[in-house]
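Colleague: Can you keep this structure in mind? I'll have questions shortly.
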Amino acid sequence: MSQDNNFSQGPVPQSARKGVLALTFVMLGLTFFSASMWTGGTLGTGLSYHDFFLAVLIGNLLLGIYTSFLGYIGAKTGLTTHLLARFSFGVKGSWLPSLLLGGTQVGWFGVGVAMFAIPVGKATGLDINLLIAVSGLLMTVTVFFGISALTVLSLIAVPAIACLGGYSVWLAVNGMGGLDALKAVVPAQPLDFNVALALVVGSFISAGTLTADFVRFGRNAKLAVLVAMVAFFLGNSLMFIFGAAGAAALGMADISDVMIAQGLLLPAIVVLGLNIWTTNDNALYASGLGFANITGMSSKTLSVINGIIGTVCALWLYNNFVGWLTFLSAAIPPVGGVIIADYLMNRRRYEHFATTRMMSVNWVAILAVALGIAAGHWLPGIVPVNAVLGGALSYLILNPILNRKTTAAMTHVEANSVE
């Protein structure tokens, strides 16, 4: 692989593309995240058995469809999410989604570090701040090696978390006296179904919007759709189930407390640590690509800086986790909606990244994101879905009208350059 093995400033060449199996493990390493188990615990204690599965399957199906669109575009073009955003937002306009997406990934990194350090501190009596510092440093170091390191870590962590989660579910069901007893559990504090759906989608809408950053390494765009669906519909659903079963059986929403109560302290520390490590490295990798789009600096250097920032802010982010998900569920989806909408309208432009003429700032795209956020906040229904559709539809309607002359001029120039 070349020195810039992150390919942060241009398309991934065919020589650096990877097979579907390697990408599937990388994406499962992303979605097999303990945060989904924590959210699953919240749903498991707040929803009935039937409503839990309905919320998880609907929410992750929506996530799978959304990320499949973005994965297809990423694999077809070989471009990062942030370079794709230049087509719709403009070269400097793309700095806004890069800042928003890159910043949230730094936040997720901090949440992940705390999710590992706090239960280990509870169980061992070691200082939590020291654990945060050490684990944050170790997780930051490996991201320097790029997509290859993510693949190796995922090959280890994905089977391990599947085994641990499956065993925890088996203990929970047996401890209750069978599946029928688990089905009969009535939530002490019921959770609104629309809120539950927003939590499911919000749990991975930020990382899901960055699907292109990982799947762009795929050799086949159609298979990239399969990779995204497996990772988000199947992988993320399993993580919710792993978290919910023990939570419902023991009445504890915190997965670390559940694992300790089930006598799984040591394997939980090792396996959940690996699990968080893979997702956190994915988060830092993606954040580096985002800030590289803004600064032009090496994405590897920026990933290390972001790791330090996320480590310092870890405890604050962990303590505001539900609020963080609520923010993400409305603020991030319109960005992906705009990228998808522009590709559907102008897909031929994406074939010539190096020569395509782009606006400096496309204010229509920024307005569409604002309208998408408003749709998510004010319209009834599922917040992230309203936000995606609001952003995409606003862009599809407004961009051809407000940028009619600019779009026509750019199309004319590009047609002549191709000829």
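Glycine too: its Cβ is placed from the backbone N, Cα and C atoms.
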Colleague: Indicate yes or no: per Swiss-Prot, are TYR72 and VAL186 on the same side of the membrane.
Modeller: no
Colleague: Using a Cβ-Cβ cut-off of under 8 Å, list the residues of the same chain that are 6+ residues beyond the ends of the topological domain 'Periplasmic' (243-257) and lie near it.
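Modeller: For the topological domain 'Periplasmic' (243-257), the list is 34, 36-45, 49, 52, 56, 115, 118-119, 122, 168-169, 171-173, 175-176, 182, 185, 188, 268, 272.
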Colleague: Compare 193-212, 258-277, 301-320, 359-378, 381-400 by their Cβ pairs under 8 Å to the transmembrane segment (101-120) and return the stretch that comes out on top.
Modeller: 301-320
Colleague: Over the span of the topological domain 'Periplasmic' (40-51), how high is the average pLDDT in this prediction?
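Modeller: When the pLDDT values over the topological domain 'Periplasmic' (40-51) are averaged, the result is 89.
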Colleague: Could you give the number of helix, strand and coil residues in the topological domain 'Cytoplasmic' (342-358) as assigned by DSSP?
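Modeller: Each residue of the topological domain 'Cytoplasmic' (342-358) counted once, the result is 10 helix, 0 strand, 7 coil.
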Colleague: Are the transmembrane segment (301-320) and the transmembrane segment (193-212) near each other by the rule of at least 3 C-beta pairs under 8 angstroms (pairs 6 or more apart)?
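Modeller: Taking Cβ pairs at least 6 residues apart, the transmembrane segment (301-320) and the transmembrane segment (193-212) are not in contact, as fewer than 3 fall under 8 Å.
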Colleague: Please indicate, using numbers and ranges, the residues of the same chain that are 6 or more beyond the topological domain 'Periplasmic' (40-51) and have a C-beta under 8 Å from a C-beta there.
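Modeller: Distant contacts of the topological domain 'Periplasmic' (40-51): 182-191, 193, 196, 199-200, 239-248, 251-255, 258, 322.
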